[in-house]
Amino acid sequence: MEIKKITCIGAGYVGGPTMSVIAQKNPHIQVTVVDLNAQRIADWNQEDLSLLPVYEPGLDAVVAEARGRNLFFSTEVEKAIHEADMIFISVNTPTKTYGKGKGQAADLKFIELCARQIADVSESAKIIVEKSTIPVRTAATIKNILDHTGKGIQFHVLSNPEFLAEGTAIADLHNPDRILIGGEDADAIQALKKIYEAWVPAERVISTNLWSSELSKLVANAFLAQRVSSINSISELCEATGANVDEVAHAIGQDSRIGSKFLKASVGFGGSCFQKDLLNLVYIARSYNLHAVADYWEQVIKINDHQKSRFAEKIIQTMYNTVNGKKIAFLGWAFKKNTNDTRESAAIYVADHLLEEQANIAVFDPKVREEQIYEDLDYLATRSNDENRALLQVQDDAYAAADGAHGLAILTEWDEFKELDWAKIKTVMKKPAFIFDGRKLLDGKKLQELGFVYYAIGE
Ligand code: UDX
Ligand code: ADP
């Protein structure tokens, strides 16, 4: 099976960077990324590469190299489907907000829509690759729709989960630990393998059956999230006992059986994947009546929720048990550094908690748009848009956010926060000037010498 044209449905955080790298490394293959959202496509086509809809270090250079050569962004979904030999599905699969499985199961309506559209438009055999994070056995649903609504055309469905982490997506794509391909048809698997082997060593491209591949994505994220929740649970114990969580993490991480990564205590994990995939895993386990398994993984989410509210409570208690009318500066809103993505960011929940106590918040994040911050708060529906806008302001720099603030909280570990002029910040803040470091980012000793009251998670 010779692949000459690839189409990717969905130009988001997964589809955009992944297709950019596939096009960069396979200049002989035409790659078209389509999306229903015309603004998003227009942004991908921006002349000024600093305005791409997804912020990822190194992405601009890859797009500059491939765009217009063999990489195209378009709203012509049907045309692109019709022309393609291989179609990646990279649409969003949010947690259901209604009906059965509400709050836990993945909403597959976008996936189903894609499958129906592919069936409708296709007139030649195609390989369909699921890239979105989906519950186990979704490939079977896609295949079923294609076989029953199509025109008798042959479709092969493969699962090819994405393991890139935002903020390091381009590095992860260029040098992946492994590429996983699940499927039944050897030729289809080979065709996809060939695309990756343009730059990934063959031994890192592994194939499994469909279900193993789909489940591996959920399990990989569940294990990573579990490590973060494990160390976050220990951070609370460290605060109670006088141990230091960084020292504990370093000491246990030296054990090669444990390893040193994903042991950084924080205000809580966020992102579009961890919570969604855990909820999915819990939902699947429950649907098979495996309640002990479901309870076990659910606890990882509970500790994460606890960590976020514990941080907000710490701020309130430290500031004399009231934040009513007090200004609190938030440095960072994204769920981690080097991304403009805010989905499930801990900052949203910490802010919501403090706004319930009538605090005033001033946010500065180097990459997140002002409107996104209000959308995130409005989505929680805790209070009206007007109230959110009255209580929370967005500032263009850290000094403006800190001006007149009683307290300052670090919510995202952006490197530039380390370089701020902290002596200057001290002069503009109210005294005592409290700092709450939710990322263990700053030099606490230095800040204490400057006269700040400094609190960091797990110390
Ligand atoms: C994750 C997986 O890593 C990736 O393989 C998968 O494809 C998608 O989900 P991502 O959500 O982009 O990627 O970011 P990740 O680096 O995993 O961080 C997730 C959250 O955990 C962030 O909020 C991060 O700040 C937090 N985290 C991570 C910690 O609090 N401590 C750590 O030690 C590591
Ligand atoms: P992810 O992080 O999984 O990439 P995003 O929400 O960033 O998720 O991106 C998913 C994209 O898929 C969105 O831009 C959305 O508009 C697009 N999308 C969803 N359904 C369809 C569809 N049927 N056809 C084309 N694009 C779609």
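Using N, Cα and C of the backbone, Cβ positions are placed for all residues, glycine too.
TrEMBL lists 10-15, D35, R40, 91-95, 132-133, E166, 273-276, R343 with the feature NAD(+) binding site. If you look up TrEMBL, you'll see 162-166, 217-221, R257, 264-270, 335-336, R439 marked as substrate binding site. The active site, nucleophile feature in TrEMBL is assigned to C273. What TrEMBL lists as domain 'UDP-glucose/GDP-mannose dehydrogenase C-terminal' is 329-444.
Cα to Cα, G268 (substrate binding site) and Q275 (NAD(+) binding site) are separated by 11 Å. Between Q275 (NAD(+) binding site) and A265 (substrate binding site), the C-alpha separation comes to 17 Å. The subset of binding-site residues (E162, N221, A265) lying with their Cα within 10 Å of the Cα of T95 (NAD(+) binding site) is empty, i.e. none. When the CA atoms are compared, no binding-site residues among the candidates G10, Y13, N92 lie within 10 A of E162 (substrate binding site). In this structure, E166, F335 are the binding-site residues from E166, L218, Q275, F335 whose C-beta falls under 6 Å of some atom of ligand 1.
With a cut-off of 6 Å between Cβ and the nearest atom of ligand 2, the binding-site residues G10, D35, N92, A165, N221, Q275 reduce to G10, D35, N92. Cα of N221 (substrate binding site) to Cα of N92 (NAD(+) binding site): a span of 17 Å. Mean per-residue pLDDT, taken over the domain 'UDP-glucose/GDP-mannose dehydrogenase C-terminal' (329-444), amounts to 97.
Taking CA atoms as the reference points, L218 (substrate binding site) and the residue listed as 'active site, nucleophile' are 9 Å apart.
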